[in-house]
């Protein structure tokens with residue numbers, strides 16, 4: 001630390017080994033790609049009391065994804081996965097909108113709050129069911145949540161009677177499309193949820209418990225952690241986040257579409273979690289990484305729009321990103337491609353997955 | 001059904017030490033064939049229920065039964081592919097996208113490029129199998145979870161569909177329409193070419209899974225990968241082959257779907273992978289791998305198809321009841337599986 005020549009590489013290495021370095025680097029690179037195409041990409045201007053600009057809209061349109069991904073992070077941290085979030089988004093939106101549309105006065109605050117409450121309760125019930133199947137019955141998470149993924153859209157269509165319910169409610173419009181203090185209101189919702197999640201998981205022991213359950217559920221149970229309860233809680237939290245995202249999506253369009261609301265959001269959310277550096281094997285998570293991962297996905301979508309690549313290639317790009325990110329996370333791939341030179345780095349502690357903890361991670365059931 | 005009795009898998013020696021104590025119920029629960037029998041029973045019960053309820057509407061016609069094969073032939077082929085993957089302990093989410101891509105790819109080549117169908121069919125099958133091979137290669141060689149790799153495949157193939165064309169391409173090629181309209185007389189009724197191909201695929205899969213070395217390896221890897229490796233089985237080759245088979249089956253299912261619907265559309269078969277997985281699970285294949293029968297998959301597909309036809313016969317029920325009924329069935333069968341495996345562990 002005495003000579004600058006020694007500190008610079010040390011600092012550089014500390015920086016590149018930070019677990020958020022690569023996600024942030026990708027995000028920044030994606031943002032910079034936009035600049036040659038739209039020079040005022042970073043400009044934010046005021047218009048009738050609202051802030052407008054590409055950055056604001058990335059956060060605005062990305063907020064449901066951030067919410068779902070944050071919930072998904074905790075589920076993945078326990079070694080699970082939740083495929084049902086898209087269906088939960090649809091159910092929540094459908095219930096809330098159908099309740100509001102039955103009201104005589106759609107602008108009445110009490111009615112809107114009650115409707116939102118009903119929607120969120122339904123979401124939490126879905127989460128409870130998932131958690132029950134996974135933790136109590138010991139069913140593989142992919143399969144347990146597949147049930148609601150398949151049936152949930154049917155239920156949502158049942159609620160909306162196969163129609164797209166449109167509503168006209170000013171207070172409800174606020175949560176997904178409204179502005180508050182010159183910023184989109186949904187940003188505040190996202191910030192609140194993320195802050196609460198970070199506080200609960202990093203300021204209390206909860207985060208440690210979640211990681212321990214993900215690392216080895218059976219061992220956690222033996223040291224006295226109620227892993228069953230933790231798992232159920234995590235699925236309920238994930239469903240709650242999906243429910244809030246469902247409110248946002250339906251409020252943004254002022255409509256509930258049982259068939260298409262939140263379609264494929266579970267895949268995007270899982271992708272966001274993976275980009276954020278959370279290992280799909282469980283045992284470790286990073287909320288910050290997930291938020292950045294979700295922003296990367298939204299930026300990717302926006303970039304594809306702004307640089308004039310045909311929008312239909314969006315999915316191909318996404319596929320390429322998934323493949324590249326996964327390959328980079330795979331220790332075996334790095335060992336093969338970067339060879340002996342990279343092997344020293346591969347064992348660095350910041351890396352999300354090492355083969356050592358991949359091996360004993362078998363499905364623990366009781 | 002009698003043919004399934006010929007297969008012997010790993011847990012055969014696990015007979016209770018004191019047979020007198022083991023009740024018949026426990027033995028029944030431990031039997032690997034139970035889920036298939038339950039599904040077959042369910043199918044029969046639903047069919048008889050449908051018969052009694054819609055007898056006056058022609059539900060009893062043999063053709064209604066054969067139509068199950070005609071209308072679900074593509075799903076059967078896709079589900080057979082998924083059975084291979086699930087038996088080996090993996091999962092393939094790219095099935096639906098690959099089907100959609102195949103319809104789009106063939107429609108584009110036949111209609112826009114004017115290639116003869118006979119050339120396009122092997123090409124499409126080759127692309128599908130190669131896609132599956134690539135996914136299997138990445139899954140095995142880089143040790144990435146099958147879930148995430150096939151997810152990338154899902155995005156990739158759906159994206160390629162849209163790259164080919166955003167609009168649907170209807171096929172007016174005379175070979176295609178004549179093939180689609182060909183009916184194979186079968187005494188009581190008739191089958192379409194798609195249904196016949198699906199049954200041939202089923203028979204081939206049955207033979208491969210139960211009577212070849214490759215099939216036994218698939219079961220072994222699904223049962224316990226570590227043990228299979230220690231036994232000296234070629235883990236990588238088998239895994240890659242399994243995904244190649246799944247890719248091939250998906251492409252074939254895509255061709256059948258294209259015959260059935262006579263168009264290519266970027267949104268064809270969205271979510272079909274869920275139907276295929278559901279059919280496999282309802283057919284009694286354990287999702288952890290290593291246990292199940294391809295005949296069960298047949299009954300799984302038939303049950304799903306029967307739900308659809310009953311809803312059509314009922315007339316007043318809306319299409320989304322199909323999804324709800326599928327979900328409920330899926331749930332019931334997962335719980336049955338769970339009860340069975342819990343019994344085995346104790």
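Glycine is no exception: its Cβ is also placed from the backbone N, Cα and C atoms.
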For the transmembrane segment entry in TrEMBL, name the matching range from B:15-33, B:34-52.
B:34-52
B:217-239, B:240-262 - the one TrEMBL records as transmembrane segment:
B:240-262
Which of B:34-52, B:64-87, B:117-138, B:144-165, B:240-262 shares the most C-beta pairs under 8 angstroms with the transmembrane segment (B:186-209)?
B:64-87
With pairs 6 or more apart in sequence, are the transmembrane segment (B:64-87) and the transmembrane segment (B:319-336) linked by at least 3 Cβ pairs under 8 Å?
no
Winner by Cβ pairs under 8 Å against the transmembrane segment (B:240-262), considering only B:34-52, B:117-138, B:144-165, B:274-307, B:319-336:
B:117-138
Six or more residues out from either end of the transmembrane segment (B:274-307), which same-chain residues have a Cβ under 8 Å from its Cβ atoms?
1, 3-4, 7, 9-11, 32-36, 38-40, 42-43, 46-47, 50, 68, 71-72, 75-76, 78-83, 86-91, 95-96, 202, 205-206, 209-210, 219-224, 322, 325-326, 329-330, 333-334, 337, 341
